[in-house]
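Some notes on the structure that comes next.
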Amino acid sequence: MMLTRLKAKSERKFAKQICKVVLDHFEKEYSRELGDAWHTVRDILTSPSCWQYAVLLNRFNYPFELEKDLHLKGYHSLFQGSLPYYPKSMKCYLSRTPHRMPSERHQIGNLKKYYLLNAASLLPVLALELRDGEKVLDLCAGPGGKSIALLQCAYPGYLHCNEYDSLRLRWLRQTLESFIPQPLVNVIKVSELDGREMGDAQPETFDKVLVDAPCSNDRSWLFSSDSQNAACRISQRRNLPLLQIELLRSAIKALRPGGLLVYSTCTLSKAENQDVISEVLNSYSNIMPVDIKEMARTCSQDFTFAPTGQECGLLVIPDKGKAWGPMYVAKLKKSWTT
């Protein structure tokens, strides 16, 4: 009884923080784009007590004891080796219940043992199929979770982490310092360039490029308690697809022929997802879609996907017992002919 009262109290606390301006905006847009699925998605997005957190283990300071403990608590391994590309070095554990472990404190000189994240954010990393020795660009890298995940997959010959926003850049530096041992830090470059300039600065340099683009982050936007700030964000939202397309154009320039590019966002918005990718595919003859439907098939045990109408694009939507996402992932390849 006591637990029920506490849960109700915490849900009331969260409910107060939901921004009605944003929720009304999402209600109009997403009920049109997602149909009936929006009702379940909305219920989960507006109830943080239902949110789930995955535990990505750090191979550079491997927590064997924690791993045993997670097994005892009923956590299971993500994907369980069912994907064609799933490196053994990446270990991520999920609980079916919305249990959240405490985050570790940042301590200079001590590597953290695990990183808490939305499990769906590993899909863009896995879609990139990183191999040892490759040159990789993480174009919008802050706060650093996907860079850390990339390094769990393989040892790149060179990893360029770029972040234009100064606050996110500070987080990125701290995240890398917290998870990556010194020898590996030597192959990582951190920069704060406007991502739209990267293609001109480093043309045809990278084997793989990840564009985890700035987007209308649905989870955090819903809890912008200040309605003036929310109204401002919603008006800026119309300009985001243009920025995302410009970042992709820059990423395409930075990618070598034959290289792979993955685009991702943490929004459900069709304008920022499928429409951005369609625009890029329509304007480049040397950029090809890569079919990733197989990824959705093999991951359906852990994630719920909404149809995107694209072979190269997946959209993870939050569902009951699978409260992961939103996460859109699209995979493209640069051909050798222009």
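Any Cβ shown, glycine's included, is placed from N, Cα and C.
Listed in TrEMBL for this protein:
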- 45-335: domain 'SAM-dependent MTase RsmB/NOP-type' (DOMAIN)
- Cys140, Ala141, Gly142, Pro143, Gly144, Gly145, Lys146, Glu163, Asp194, Asp212: S-adenosyl-L-methionine binding site (BINDING)
- Cys266: active site, nucleophile (ACT_SITE)
Gly142 (S-adenosyl-L-methionine binding site) CB neighbourhood, other CB atoms within 10 A: 26
Cβ packing number for Cys140 (S-adenosyl-L-methionine binding site), 10 Å threshold: 22
Proximal but sequence-remote residues of the same chain as Cys266 (active site, nucleophile) (Cβ under 8 Å, at least 6 apart): Asn118, Ser121, Cys215, Asn217, Asp218, Arg219, Gly325, Pro326, Met327, Tyr328
Per-region confidence, the domain 'SAM-dependent MTase RsmB/NOP-type' (45-335) (mean pLDDT, whole number): 94
Site extent for S-adenosyl-L-methionine (largest Cα pair distance over Cys140, Ala141, Gly142, Pro143, Gly144, Gly145, Lys146, Glu163, Asp194, Asp212, Å): 20
Same-chain residues at least 6 apart in sequence whose Cβ lies under 8 Å from Lys146 (S-adenosyl-L-methionine binding site): Ser121, Pro124, Val125, Asp138, Leu210, Asp212
Local Cβ density at Gly144 (S-adenosyl-L-methionine binding site) - other Cβ atoms counted within 10 Å: 25
